[in-house]
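Going by TrEMBL, these are the annotated features:
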DOMAIN    6-208  domain 'Phosphoribosyltransferase'
BINDING   Arg79, Arg104, Asp131, Pro132, Met133, Leu134, Ala135, Thr136, Ala137, Asn138, Ser139, Asp200  5-phospho-alpha-D-ribose 1-diphosphate binding site
BINDING   Ile194, Gly199, Asp200, Ala201  uracil binding site
Amino acid sequence: MQGVTVVDHPLVQHKLTIMRKKETSTAGFRRLLREISLLLGYEVTRNLELTTTTIETPIEEMEAPTLEGKKLVFASVLRAGNGLLEGLLDLVPAARVAHIGLYRDHETLEAIEYFFKAPSDLADRLVIVVDPMLATANSAIAAIDKLKGRGATNIRFLCLLAAPEGIERFTKAHPDVPIFTASIDRQLNDKGYIMPGLGDAGDRMYGTK
């Protein structure tokens, strides 16, 4: 699919299989989500712009590559996005963080906002939005609408699983935002859950129902 990168690294796929299993514990699910976010993070940051800086090694002076300009904002769609956020911050500790609180109305499946907090200079940074599941895409679309309204122009979306229906809606709403995912699953069920999926990522991560 155009605008969608599926990260098919063997370690990503292996860890995802374990996460899908219904018998995987809360602790195991949380650990695997953190591990897989590191691997996905390599892909979503692969083409960051570099410049050079002069440094001193123990041997000599050299021109060395470094990230150019202001760096990253990781925007977590609460609450499940925090599972991906932790691993990404291990990868890029200096990144700024935005939190976007959205919950899904189980009757209408629409996203309802209850919290938003982000750095003030979004226009100057690459914003990577993280949410494990791209199902109906309502939450992802609402989150990116909000970020664009606050000035963000360079945005990427990172998820663990995506449904074809969600990808279609997302790309119509935000054709300029590339999607990075570990898997495109078969479809949504009548409750808006990804099939075969892995269940509710937030519930499995926090041990709630």
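Numbering starts at 1 and runs along the chain as displayed.
Cβ from N, Cα, C; glycine included.
TrEMBL entries are annotated by machine, without manual review.
Projection of TrEMBL feature records onto the structure.
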{"residue": "Arg79", "record": "5-phospho-alpha-D-ribose 1-diphosphate binding site", "Cβ contacts under 8 Å, 6 or more apart": "Gly202, Tyr206"}
{"residue": "Asp131", "record": "5-phospho-alpha-D-ribose 1-diphosphate binding site", "Cβ contacts under 8 Å, 6 or more apart": "Ser76, Val77, Ala80, Gly81, Leu84, Ser139, Ala140, Ala143, Phe157, Leu158, Cys159"}
{"residue": "Met133", "record": "5-phospho-alpha-D-ribose 1-diphosphate binding site", "Cβ contacts under 8 Å, 6 or more apart": "Ala80, Cys159, Leu160, Leu161, Ala162, Ile194, Gly197, Ala201"}
{"residue": "Ala135", "record": "5-phospho-alpha-D-ribose 1-diphosphate binding site", "Cβ contacts under 8 Å, 6 or more apart": "Ala163, Glu165, Gly166, Leu188, Gly192, Tyr193, Ile194"}
{"residue": "Ala137", "record": "5-phospho-alpha-D-ribose 1-diphosphate binding site", "Cβ contacts under 8 Å, 6 or more apart": "Glu165, Gly166, Ile167, Arg169, Phe170, Ala173"}
{"residue": "Gly199", "record": "uracil binding site", "Cβ contacts under 8 Å, 6 or more apart": "Lys22, Tyr193"}
{"residue": "Asp200", "record": "uracil binding site", "Cβ contacts under 8 Å, 6 or more apart": "Ala80, Tyr193"}
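The average pLDDT computed for the domain 'Phosphoribosyltransferase' (6-208) is 92.
Arg79 (5-phospho-alpha-D-ribose 1-diphosphate binding site) falls outside any helix or strand according to DSSP and counts as coil. Under the DSSP three-state reduction, Met133 (5-phospho-alpha-D-ribose 1-diphosphate binding site) is assigned to strand.
Ser139 (5-phospho-alpha-D-ribose 1-diphosphate binding site) carries a helical DSSP state (H, G or I).
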